[in-house]
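Annotated features, as they stand in TrEMBL:
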| type | residues | note |
| --- | --- | --- |
| TRANSMEM | 12-32 | transmembrane segment |
| TRANSMEM | 52-71 | transmembrane segment |
| TRANSMEM | 78-95 | transmembrane segment |
| TRANSMEM | 101-125 | transmembrane segment |
| TRANSMEM | 145-164 | transmembrane segment |
| TRANSMEM | 170-187 | transmembrane segment |
| COMPBIAS | 196-206 | compositional bias 'Basic and acidic residues' |
| REGION | 196-223 | region 'Disordered' |
| TRANSMEM | 226-246 | transmembrane segment |
| TRANSMEM | 258-283 | transmembrane segment |
| TRANSMEM | 303-321 | transmembrane segment |
| TRANSMEM | 327-352 | transmembrane segment |
| TRANSMEM | 364-388 | transmembrane segment |
| TRANSMEM | 394-411 | transmembrane segment |
| REGION | 418-437 | region 'Disordered' |
| COMPBIAS | 425-437 | compositional bias 'Polar residues' |
Amino acid sequence: MSRLQGSARRFTTADVLILVNGVSAFGSGLVYPYTALYLSGLPAMGTAGVSVFYGAAAAANLATTGVLATGWIKPPPALLGLAGTLMLAVGFLGTAVAGSLAFLCAAVLFIGCGQGCLLVAMVPVLNSLTAQEQRRSVFARRYRALNVGLGLGAVAAGLTTGILTTSAVPWLFVCNALSYLPLTYAFHRVRARERDEAPRPADAERTTVPGGPEDKERSGGSGGRWKWLGVAGTLAVLFQLGAYLFGHSQFEATAPLVAVRLMGIGLGTVSGLLLVNTLVVALGQSWVTRLLSGRDEAYGLRAAVVLWAAAYATAAASAFGPLPVRYAGLLLFAVVFALGECAYSCSFHPWLIDSVRPGDVTRVSALAGGAMGIGTAAGPSVGVALTLTGEATAVWLSLASFCLLLLLALGRRRAAVPEPAAGTPEQTPASHTGDTT
């Protein structure tokens, strides 16, 4: 036991990836609060530049994840992550010096494709570096690192622009581009180790039996291009779509809109809610992960959905009260919603990984990434449509009801990962958990 505890305290390759992913999130936090403001203020851009930036990036991201999900090309995940981070660096450097819509569009295509590659690559790479019993902890730590990085980046950007005005924003884009380079190097090291550990071609040929499971997996099997996904994988992807359509995107877009326009809350309070949310995720993630460690991932996701619905219901109840009650209700809303995020972050990706064969983790990660992109893009429109009712309570309760619908996906899903073939030892990533960098 002491040996295992000592190993757990070592700084692993997965820890390095999480750390440098947090650094890249810090870079993203530097630019995203001011991207629209900066581009719209450029004479050659205006609002068209803002539309090009977000529209082209979303389209390129979705196209990239779609191509990777089909399996037409199957790059090693570490190589995919390396390429994605380089494209992001090039794209944000290009955005910093863009002087025309055409140049901006070219730069943004690099950003969108890079985001798609990085999003798809991170899950299988972390999975390959992590023992099954440690998946929850690893993905929870990554989510916390991303939230803390984004929050600190936004604070740093606010201080910088407060001192130097928006003239500093191009340099923030440069800093964001540079923030991806440590992650690039980390993927390079993982890829180098994979090449060192890869079996020789002759050994690979001897271990592949014609007509066997490995041969069928390479050829796509006999049941069609999408049979690999199965019912479990399909429900996992649909859950991801719903989680971003009715969960994450609503906190970021609809909640501020309802709070300010329908509940009479001051604009500055919105920043306070975001800060509270980030602090709760940072401080509560480990506690929630430990609390759920004795339960399966589906239980954790049910907890996340119920917590989100409870957060919406809390905000709805506070909408009837005077201003102090509304402030208190929204504060409690931010806390409960963040706890739901903690439950989601330590449960979803392990659940997703177990929904398909080990060889299809990259493809299902691509589908989940595409679902996240669609949910993030379409979610605000759902929220805006609900605000047309003019009633804050109606908006909050509608969102709570939509969240509870996600329980259907959790209730119907069944494990669909086949057992290893007889006589073939199952490969696990446990040997990597002690690796240090």
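Each Cβ is built from the backbone N, Cα and C atoms, and glycine gets one as well.
Annotation: stretch 101-125 has the most Cβ pairs under 8 Å to the transmembrane segment (78-95), among 101-125, 145-164, 303-321. When Cβ distances are compared across the two stretches, the transmembrane segment (101-125) makes contact with the transmembrane segment (364-388), since 3 or more pairs at least 6 residues apart fall below 8 angstroms. Of the candidate ranges 12-32, 52-71, 170-187, 226-246, 258-283, 226-246 contributes the most Cβ pairs within a distance under 8 Å of the transmembrane segment (394-411). Between the transmembrane segment (12-32) and the transmembrane segment (145-164), the number of CB pairs under 8 angstroms, six or more residues apart, is three or more, so the stretches are in contact. Between the transmembrane segment (364-388) and the transmembrane segment (170-187), fewer than three CB pairs separated by 6 or more residues in sequence fall under 8 Å, so the two stretches do not touch.
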